[in-house]
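Novice: Below is a structure I'd like to ask you about.
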Amino acid sequence: MRIGVLTGGGDCPGLNAVIRAVVRKGVQDYDHDFIGFRDGWRGPLHGTVVPLGIPAVRGILPRGGTILGSSRTNPLKEADGVRRIKENLAAHEVDALIAIGGEDTLGVAARLHDEHGVRCVGVPKTIDNDLSATDYTFGFDTAVNIATEAIDRLHTTAESHMRVLVVEVMGRHAGWIALHSGLAGGANVILVPERPFDLDEVCDWVTSRFRASYAPIVVVAEGAVPKDGDLVLKNASARDSFGHVRLSGVGEWLAEEIERRTGKEARTTVLGHVQRGGTPSAFDRWLATRFGLHAIEAVDDGAFGSMVALRGPDIVRVPLAEATARIKTVPAALYEEARVFFG
Ligand code: F6P
């Protein structure tokens, strides 16, 4: 069989580990051959391909980013997008596609399979960890480790100056990175998109922390919103082809408000794409490799329209459509657990 591989959406550590595992097992165990499509769905749409054999995947296990490139191209919004993809797959004699992506990339794979008969298998990735069908996505653990290390460092400088330090982390609809890194890093306030925050309460927590002679660390997810306000954005007009606004801005706004209301000096650190770059953690390499091995097995079994997912210790197959139907958000009870450390 000839199999196409693509990586779409925001990149994340572990993408290359999946590609390596798919190709190694596919060539060694099944004698398949592979081509890489460049830059997410843009590749199949424009027919841009690169060779993808064992030599191409040598040494890439610890490398961040993706050797195939990525983009947020939505082919379903392009005139004749489906027809062009089908023609390009046929031109390159591709029998099946492995799409590695988050809700948007895999949402396209689900529709191409269910509505247009394109033979796709999905692999879930996102640092946000917000795909409902899988316990974890790879990339998340690395992002949490990076954010935790940053929080550890910010504690010492905050205490030297007795300032508030606001740390803005990624998390569009879900506060998983904020919650995990905030707990691991001993933050004094954690704000997530799932729970609109009360600015008066945040200022009370900050003030009580100073009273105990400590400098507070506030971790805020970029998608968190104040109770009686809207999403704070630096650039409200920028949108990608899936219609998502470009987030970031709440951290700076929060520091200004805290300083104005409490009279305490406040600074902001926006971690941004540092959370997505560089080498994957051991856990992410392990998970990404297992996802890759199971994805190629699913292709070989003809299990098209499915996505591989982690459930407990097992990798299982779930229908792509079901996997992309809902976002996995932080449950209220889990957030409540962390509140004992606030203030
Ligand atoms: O979807 C993953 C993610 O890192 C989000 O946390 C973030 O909001 C978004 O991507 C940023 O996207 P971009 O790199 O396209 O600005």
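Counting starts with 1 at the first residue shown.
For all residues, glycine too, the Cβ spot is worked out from N, Cα and C.
A TrEMBL annotation is a machine prediction, not a hand-curated record.
As listed in TrEMBL for this protein:
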DOMAIN    2-299  domain 'Phosphofructokinase'
BINDING   Gly10  diphosphate binding site
BINDING   Glu103  Mg(2+) binding site
SITE      Asp104  site 'Important for catalytic activity and substrate specificity'
SITE      Lys125  site 'Important for catalytic activity'
BINDING   Thr126, Ile127, Asp128, Arg163, Met170, Gly171, Arg172, Glu222, Arg267, His273, Val274, Gln275, Arg276  substrate binding site
ACT_SITE  Asp128  active site, proton acceptor
Novice: List the same-chain residues at least 6 positions away in sequence whose Cβ sits under 8 Å from the Cβ of the residue listed as 'Mg(2+) binding site', in sequence order, or say none.
Specialist: Thr126, Asp130, Leu131, Thr324, Ile327
Novice: Grab the substrate binding residues from the record (Thr126, Ile127, Asp128, Arg163, Met170, Gly171, Arg172, Glu222, Arg267, His273, Val274, Gln275, Arg276) and give me their largest CA-CA distance in Å.
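Specialist: Largest Cα to Cα distance for the substrate-binding set is 33 Å.
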Novice: Sort out the sequence-distant neighbours of Asp128 (substrate binding site) for me: same chain, 6+ apart, CB within less than 8 Å of its CB, listed by position.
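Specialist: Counting only residues 6 or more apart in sequence, the Cβ neighbours of Asp128 (substrate binding site) under 8 Å are Gly102, Thr137, Phe140, Met170, Gly171, Arg172, His173, Ala174, Trp176, Ile177.
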Novice: Suppose you look only at the domain 'Phosphofructokinase' (2-299); what would the mean pLDDT be?
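Specialist: Mean model confidence (pLDDT) across the domain 'Phosphofructokinase' (2-299) is 96.
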Novice: Roughly how many Å separate the Cα of Asp104 (site 'Important for catalytic activity and substrate specificity') from that of Gly10 (diphosphate binding site), to the nearest whole number?
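Specialist: If we compare the Cα positions of Asp104 (site 'Important for catalytic activity and substrate specificity') and Gly10 (diphosphate binding site), the gap is 10 Å.
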Novice: Could you state the CA-to-CA distance between Lys125 (site 'Important for catalytic activity') and Arg267 (substrate binding site) to the nearest Å?
Specialist: 32
Novice: So which of Gly10, Asp104, Lys125, Thr126, Val274, listed as recorded positions, have a Cβ under 6 Å from an atom of ligand 1?
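Specialist: The ones that qualify, in sequence order, are Gly10, Thr126.
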Novice: For Val274 (substrate binding site), just give me the three-state DSSP call.
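Specialist: Helix, per DSSP.
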Novice: Got a sec? Which of these recorded positions, Lys125, Arg267, Arg276, has the most Cβ atoms within 10 Å?
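Specialist: Checking each of Lys125, Arg267, Arg276, the winner is Lys125.
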Novice: Using a 10 Å cut-off on CB atoms, tell me which of the binding-site residues Met170, Val274 is the least crowded.
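Specialist: Looking at the binding-site residues Met170, Val274, the Cβ with the fewest others within 10 Å is that of Val274.
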Novice: Looking only at C-alpha atoms, tell me how far the residue listed as 'diphosphate binding site' is from Arg276 (substrate binding site), rounded to the nearest Å.
Specialist: 8
